[in-house]
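S.K.: Shown below is the structure under consideration.
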Protein chains: 2
Amino acid sequence: MATLPTLAVVGATGAVGTVMCDLLSSRKNVWGEIRLIASPRSAGQTRMCRGEELTVQALRAEAFDGVDVAMFDVPDEVSAQWAPIAVSRGAVAVDNSAAFRTDRDVPLVVPEINPEQVRNRPKGIIANANCTTLTMIIAVAPLHREYGLRELVLASYQAVSGAGQVGVDTLHDQLSKIAGDRVLGSRPGNVRQAVGDDLGPFPAPMALNVVPWAGSLRDGGWSSEELKLRNESRKILGLPDLKVSATCVRVSVVTGHSVAVHAVFGTEVDAEGAREALRNAPGVILVDDPAAGEFPMPIDAVGTDPSWVGRIRRSIDDPRALDLFVTGDNLRKGAALNTAQIAELLAAEFIAAR
Amino acid sequence: MATLPTLAVVGATGAVGTVMCDLLSSRKNVWGEIRLIASPRSAGQTRMCRGEELTVQALRAEAFDGVDVAMFDVPDEVSAQWAPIAVSRGAVAVDNSAAFRTDRDVPLVVPEINPEQVRNRPKGIIANANCTTLTMIIAVAPLHREYGLRELVLASYQAVSGAGQVGVDTLHDQLSKIAGDRVLGSRPGNVRQAVGDDLGPFPAPMALNVVPWAGSLRDGGWSSEELKLRNESRKILGLPDLKVSATCVRVSVVTGHSVAVHAVFGTEVDAEGAREALRNAPGVILVDDPAAGEFPMPIDAVGTDPSWVGRIRRSIDDPRALDLFVTGDNLRKGAALNTAQIAELLAAEFIAAR
């Protein structure tokens, strides 16, 4: 019997890395050794993975020796530096940062949509899409196959864990400060006063607020998160001319990104046909019965694998347009799960080749 | 000197009625007598208005005798019954419910946009628009005048006070229950469990959640709130063929409705031209400097009169489209303020006629 491939998890102690260890413990095991890697600050800590207690190693070139697949859940600049080093040591890198997503020589893979692209990796690097894009595209791709997508207008409702564990801690701290004061949110300025100066990674208080900003400022007043939705949707679907307008908004939710989607197609659509396409689509759960209180919501989607899709309506004024609402766990399908799925495609390739 | 007209406030003890008393106390006084009216249950209570303590009267036909303008901030069915009675007793009714908004013989007036329509009232009734429509339309109308509006794609972020004081109490109760438990929102089902069965007027927990539903179910899976945005935008702007698709979502905010707007026009647009049009528009405040952390947010807009507009971008793939974000106080411009402004137009008419 062939040896199972060796996996490295870089960024193993972060918010996504923690979910990754949970996933690796619960999914079908295709790995031999699993090596946890993090910054020197976290080295020496232990984490449970597949029922074994593993010691976290410091990030250095030698840590990749003998590794077949190296997953990166680290900031862009760390991936930009270290993914090529992992490749030079013989690994294939699966990167969850934005460092390589728009690189023409790096495929952007969603296993339910374009799994064949994993083999197209001249740099030895495969990119994982942004969490908001992943949540949305899983629901949009089956509709594209049915009707031919032309345009997306998107508005997001993004959870604080998209900004990492510090985002979660910040929201919980703020909620503790405001609890019990029943006039907060009803008078100007009083939420800012109650929350104080500690905004964590956000530009404004998250408690009792919505913040129409995520990422960094780009040309034309767009945020980097909004441009990611456009660029990554085009690349994943192979539609370089797809029209995309997105507004990204952070909301008071711990985990679970939601997106209101207005999708315009090349042919006429119907809501029941769209539901049928989504019922049969991989990675999707259809929850679309408003009369019964069934629609996609973060408190239900958190901790689950699929994108929850509902509120499917044909636009009244455009027979080629659908409106829908999608929610998914931004730490799972939006990050760790999709990375794990890509790595599993690679594991199958290695096992078949040995 | 002419006598000042008499005003009745019907629904004086509700969430909007309370804001109305504050507004009447702070705006230029154009009223003689002010009469507070509510359900028999609330009759006999007292409220401060213009520095006077007023006793709330029970709703009955005789309460409208001698009234020139009667404002209604009550449920649809109460308005449907009582606004015509107020008219039969000689008053002009300004109604904030949905009962008359789509009636061809009832104008839907936003004083900054179509003030001339107050005179076109064959039934003696003038309707006030829905709170989400008002917040958004104040920002969209000046852009329509500049570029000629063709289509709106809208996603809302609606505050709980849109469901009345019971909505606010429900959110505060839920926030008290979840405060201090730092894993809530990170695991499936635990928010539902912590919040318990008391969902107030909402179909799901509001704390740490977004709920893609507001209003009642209509044909094609649309909610009544989504159809209001379409029907009322068309009527206020006088554009019977305007294409509108809206998704209405309730968020964990006390007061302040927000809307992500994708607006398509008949001519090419530019973001700086749009900003200039909005800078000079009545009822609008432009907050559009993301680098300085300036964008419209409910915690800043609450308690203020204007619609806060920002995040103005020209769509990358359509030179005729703008994306923007709007926030406004749903109890003020979204309800009481617009009603008060309509009533003041009527007061000026009565004073001029006497």
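Backbone N, Cα and C atoms are what each Cβ position is placed from, and that goes for glycine too.
Heads up, TrEMBL stuff is auto-annotated, nobody curated it.
TrEMBL lists A:6-121 with the feature domain 'Semialdehyde dehydrogenase NAD-binding'. Annotation comment: TrEMBL describes A:Thr13, A:Gly14, A:Ala15, A:Val16, A:Arg41, A:Ser42, A:Ser161, A:Gly162, A:Asn330 as NADP(+) binding site. Per TrEMBL, the feature phosphate binding site maps to A:Arg101. The feature active site, acyl-thioester intermediate is assigned by TrEMBL to A:Cys131. Residues or ranges marked as substrate binding site in TrEMBL: A:Gln158, A:Arg250. What TrEMBL lists as active site, proton acceptor is A:His257.
Burial and contacts for the listed features, if you can.
M.R.: As a whole-number mean, the pLDDT of the domain 'Semialdehyde dehydrogenase NAD-binding' (A:6-121) in this prediction is 95.
The DSSP secondary structure for A:Thr13 (NADP(+) binding site) is coil. Cβ neighbours of A:Thr13 (NADP(+) binding site) (same chain, under 8 Å, six or more residues apart in sequence): A:Leu36, A:Ala38, A:Ser42, A:Gln45, A:Arg47, A:Val56.
DSSP gives A:Arg101 (phosphate binding site) a coil state; it is part of no helix or strand. Cβ contacts within 10 Å of A:Arg101 (phosphate binding site), excluding its own Cβ and spanning all protein chains shown: 22.
For A:Cys131 (active site, acyl-thioester intermediate), the number of other Cβ atoms no farther than 10 Å from its own Cβ, over all displayed protein chains, is 27.
With a 10 A radius on its CB, A:Gln158 (substrate binding site) counts 27 other CB atoms from all the protein chains.
In the three-state DSSP reading, A:His257 (active site, proton acceptor) counts as strand.
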S.K.: Looking at Cβ-Cβ distances, which residues of the chain lie under 8 angstroms from A:Arg250 (substrate binding site) while being 6 or more apart from it?
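M.R.: When sequence neighbours closer than 6 are ignored, A:Arg250 (substrate binding site) has A:Gln158, A:Ala159, A:Val160, A:Gly162, A:Ala163, A:Phe202, A:Met206, A:Val210, A:Val211, A:Pro212, A:Trp213, A:Ala214 within Cβ distance under 8 Å.
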S.K.: Please list the DSSP helix, strand and coil residue counts for the domain 'Semialdehyde dehydrogenase NAD-binding' (A:6-121).
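M.R.: When I sort the residues of the domain 'Semialdehyde dehydrogenase NAD-binding' (A:6-121) into the three classes, I find 34 helix, 28 strand, 54 coil.
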S.K.: So if I measure Cβ to Cβ from A:His257 (active site, proton acceptor) and keep only same-chain residues at least 6 apart in sequence, which ones fall under 8 Å?
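M.R.: The list for A:His257 (active site, proton acceptor) reads A:Cys131, A:Thr132, A:Thr135, A:Ser156, A:Tyr157, A:Gln158, A:Ala159, A:Gly162, A:Pro298, A:Thr327, A:Gly328, A:Asn330, A:Gly334, given in order along the sequence.
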S.K.: What is the Cβ neighbour count of A:Ala15 (NADP(+) binding site) at a 10 Å cut-off, with all protein chains included?
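M.R.: A count of 23.
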S.K.: Could you give the Cα-Cα distance between A:Arg101 (phosphate binding site) and A:Ser161 (NADP(+) binding site), in whole Å?
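M.R.: A:Arg101 (phosphate binding site) to A:Ser161 (NADP(+) binding site), Cα-Cα distance: 21 Å.
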